[in-house]
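Copied over from TrEMBL:
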ACT_SITE  B:Cys87  active site, nucleophile
ACT_SITE  B:His204  active site
ACT_SITE  B:Glu206  active site
Amino acid sequence: MSKITPEIVAQHGLTADEYKLVLDIMGREPNLTELGIFSVMWSEHCSYKSSKKWLKTLPTKAPWVICGPGENAGVIDIGENLAAIFKMESHNHPSFIEPYQGAATGVGGILRDVFTMGARPVANLNALRFGSPDHAKTRHLVSGVVSGIGGYGNCVGVPTVGGEVNFHSSYNGNILVNAMTVGVAQQDKIFYSAAAGIGNPVVYVGSKTGRDGIHGATMASAEFNADSEEKRPTVQVGDPFTEKLLIEACMELMATDAIVAIQDMGAAGLTSSSFEMASKGGMGVELELDKVPMRETGMTPYELMLSESQERMLMVLVPGKEDMARAIFEKWELDFAVIGTLTDTGRMVLKWHGEVVGDLPIDPLAAASPEYDRPWIPTPKAPEVQPSDVTELAWNEALARLIASPDLASRRWIWEQYDHMVMGDTVGRPGGDASVVRLHRSNRGLAVTTDCTPRYVKADPVEGGKQAVAETWRNITAVGGRPLAITDNMNFGNPEKPEIMGQFVGACQGIGEACIALDYPVVSGNVSLYNETAGQAILPTPAIGGVGLVDDLDKTASIPFKAEGQVLVLFGQGDRKGWLGQSLYLREIAGREEGAPPPVDLVLERKVGDFVRGVITASDTNTVHDIADGGLLVAVAEMAMSSGIGAALTVDFGGPLHAALFGEDQARYVVAVDAAKVDAVLAQAAAAGVPAVKIGVTGGDALSVNGGVAVPVKALRDANEAWLPEYMSHGA
Amino acid sequence: MKAAVIVFPGSNCDRDLAVALEKSSGKAPIMLWHRETEVPQGLDLIAVPGGFSYGDYLRSGAMAAHSPVMREVKRMAEKGVRVLGVCNGFQILTEAGLLPGALMRNRDLKFICRDVHLKVENTETAFTRPYTKGQVVRFPVAHHDGNFFADDELLKRIEGNGQVAFRYAGADGTVSDATNINGSRNNIAGIVNGKGTVLGMMPHPERLIEPKLGGADGKPMFDALVEALS
């Protein structure tokens, strides 16, 4: 038995204080296997030790929430005895080191979080952030991440229906790969992870265990440095084919009454799955590690406990059901092994060919892991940017540059590499405000989206946090959906720096306020900290995944104009004249990345959104686009480009035109309404106190503003479509 | 019509094909597991679905072509039972020798998922009868290995026999290199065997069978099969 030196402790990412706690809990010096277990269980990634205090403040309840944070994924009631089960999770560090496998296994991991609860996955989304397009690694990373997501999702046969992509130099050394899965389960067939029943068998299914991914969770809990490339062996390797078999085998077993509890083996593999199951159920476990199916010879208990080999699950079965369960997994040609039993000791006892090689108390490890109240300082408020101080470029030139800029250019090159139609229920394809996936054999659907505007969060974490939530709510509303709940994927820098911790605290506050105002709770989430390289932190990026319900798929809306001669109505503007601070116009046209971001008025947000949804469900429109990055004119241009139909706009908000056209005021939608209906719709808006103003008419094949020049829609579309494929075709 | 859909480990369009067949026939098809060594009596149609059979870690469709159930599919095909292979199904049928040619990596080495226009060439089969010769239809594709290859001699034979069912085309029916999404020889998207009883195609007719999904150009194929085989 090796002596545990301070060097070994440090290599395991534990502080001296934490190691003291280890000694207290153990009452003796741990052996290497035990130390490894403490190391991963107490890593930031698994323990949420820096973030827990603030995550607890988020609103997680609503009458339709069946299960909030704490399980593998969040569960909401979507009616007709169905539940939507979803979560978003980061795979940032591995994806930077090995983009294809990092992204692929990110998809695999989040899929397992969802189907482990009994849901068949019906949609994947991904929120991606890359470095500056000029950075030498960006192309390689985009290419690897996109093919990794596609390679995995396409093979498992779950449609990848949406997501978002930003480019910014702050991600040069730390890209973000956040993957989200949405699944659907019968409400009476939801599976949880709390172990129960003394003597019940603990069963391992799926792939064999290899040496890949050992200490992946620890890697994800530290800053990067120049040696990070050497961590490539800690990146796991995905096998989507096995995952597909695992989905089908689990679904088949879940249709029986054999499963007591089930948990996927994700970060920290067998360690975290067994500890979490036992801890939640207040049980003890005895594992016979030599029974674990192994991919290679000579593996040690240490390696078996810490491996992050993919496509594995741990289950507690009803005694006597082992043979029936084994037959299902053997039919799907997957490993199945009874590797242990539940005990009443409250301890994890690890055996290797009969000899005890580890003996740890479960609760202090899993439930009583360290929790820090890290010092933080609030982000100072940035000054407002006055439109009169911002360069005014002719609208047509500004528009042409904006729609061809990296953050607004078409993402078709990406989503055409993802199978977004498999399963035959994709009603709203990628490229819309939210994607819509029909609930199988029904006329209802789920509206799903991801969003975050990191530059807003950097400038003002509270407003930026609100905005990320509000924008997903708006996306779902814009397709006619009722927003129900979110998952949050909090990507930040090093929490040991008070200003970074301040960003985290502010974002949590903003997210919380928006969730309450919009009745839109957090039901699951993930935190990724230490996204820094050589001291350079990423923009704070609390990516939000939103899920809503479309009650009648015959009453939805999409972005493209459907007809000429329809009146365009702008909802939500009120007396605002256009907010240019932190806008893409300011960054791309004026070359300034500064100022306070647009404030989010949550009362207005809700009032306007509820009204627009009502216009859609009353069938008074089927053409809606919410206004986000780039402002009003970019939104209208996107409606034109996706349809080929032009529009003539008349815009005057009483301030400078560039602020009106490109300001990024929140809580706004552009809606196309038949000329015959428009007066009635405007009268209803007035009665409801919702700001609404006519801004133009659809028609022709060009876009014009206040008379004068007209820009051909085709030219806009060509520029919008060209940037990403051209960028990706160079070099690399 | 009595139809069966083959299910390999890694098939992922099996349900989609079953839904399309049921929508047209009113009857759910039989799902046939890859290890079956016998197929039910009286089958009129066997559908080989898309996906990644056995993971397709070897050449796409190569392992599935040697599965137990494919021996039976070949036997049935020889008897004239109609066989439809879509995407991975097409790859499997060429690997199994039920259709000529081979499917290689797409020309630009990327997975492509989008709607494409197809020009209908042969309308003399139970699959393609509802379409008119030269008609342009819109089906989605979703594949990485859809680049149809045949050597010059084989290509001449396929063309000469009228075995080409669909070609990648523009919305106006133009067949050119610009409308060739994956580098297939002569823009071939789907072919039939000499008797016209086996159809393999990369595009997915089962994915556009109702306007809500974005179009219904695939529906007539399933309706026609039901009509011809009932």
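Each residue, glycine too, has its Cβ placed from N, Cα and C.
TrEMBL annotations: computationally assigned, not manually curated.
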Neighbour tally for B:Glu206 (active site), based on other Cβ positions within 10 Å of its Cβ: 30
Where B:His204 (active site) falls in three-state DSSP terms: coil
For B:Cys87 (active site, nucleophile), the three-state class that DSSP assigns: coil
Between B:His204 (active site) and B:Cys87 (active site, nucleophile), the C-alpha gap once rounded to whole angstrom: 7
Pairwise CA distance, B:Glu206 (active site) versus B:Cys87 (active site, nucleophile), rounded so that it is a whole Å: 11
Number of other Cβ atoms within 10 Å of the Cβ of B:Cys87 (active site, nucleophile) across all protein chains: 31
Other CB atoms within 10 A, centred on B:His204 (active site): 29
